[in-house]
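Reading through the structure tokens given below for one structure.
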Amino acid sequence: MELLIHQLLSKEESKKITSNITKDNSCWIDGKTSAGSYAAKVKNNLQLKKDSEVGVTNSNKVNNKLTSDQLIKSFALPRKVHGTMFTRSSVGQGYGMHVDNAYMSSGRSDLSFTIFLSSPNEYQGGELLIQSMQGVKEIKLNCGQIVIYPSTSLHSVKQVSQGERIVCVGWIQSYVANNEDRNFLFGLDAGARGLLAKHGRSDELDLVFQAYSNLLRRLGD
């Protein structure tokens, strides 16, 4: 499972965050300021100042939701959620193909995430394109939904042709850096939890959870 799509925020939570962060246009700056020298050449959007009061308050809200969500914890094994910021793209703006930096001042990027705060009918274009060995996946989600995908992936955002696209993006430093190892662990954990819910505890299931914990010890950093 290369990526996870999940309803993280309710529509009401998403709209409240959007209302909070768009009240003061002076808090928004050129998105190029947070991009690496290569990615900055293809980045064309605005981002909320990370150190602004509204930026800190709302990014903390998002981080708390992320780190308390059981499905995300199982999928991503987050050691640290970092670099969380809000971006907006108006007509003609987007982000060309690029890969995220492996290391940032805030931590290592194992997984990248985008939380869609605008509803799909509020803008045209703005699809997130993620490139993999299987081809390019085009993603445009409902308000409050998150997509988490490997930071090793080339990805881009199509130009917005109508309306405005507002999202929250950030990175996860995982306890398990390798994507394939992390996917194996997620499948094992999901299967074990499913069996526990369906059949209850058993000696055999204890061995499965033991294997999971010991694999995590071996594969983690």
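Quick reminder: no glycine exception, Cβ is built from N, Cα and C everywhere.
Here Swiss-Prot has H98, D100 binding Fe cation, and the candidate from H6, H155 in that same listed site is H155. Counting residues per DSSP class in helix, strand and coil order gives 3 helix, 62 strand, 30 coil for the domain 'Fe2OG dioxygenase' (80-174). Across the structure, R165 (2-oxoglutarate binding site) and H155 (Fe cation binding site) place their CA atoms 17 angstrom apart. Take the binding-site residues H98, D100, H155, R165: by the count of other Cβ atoms within 10 Å of each Cβ, the lowest one is H98.
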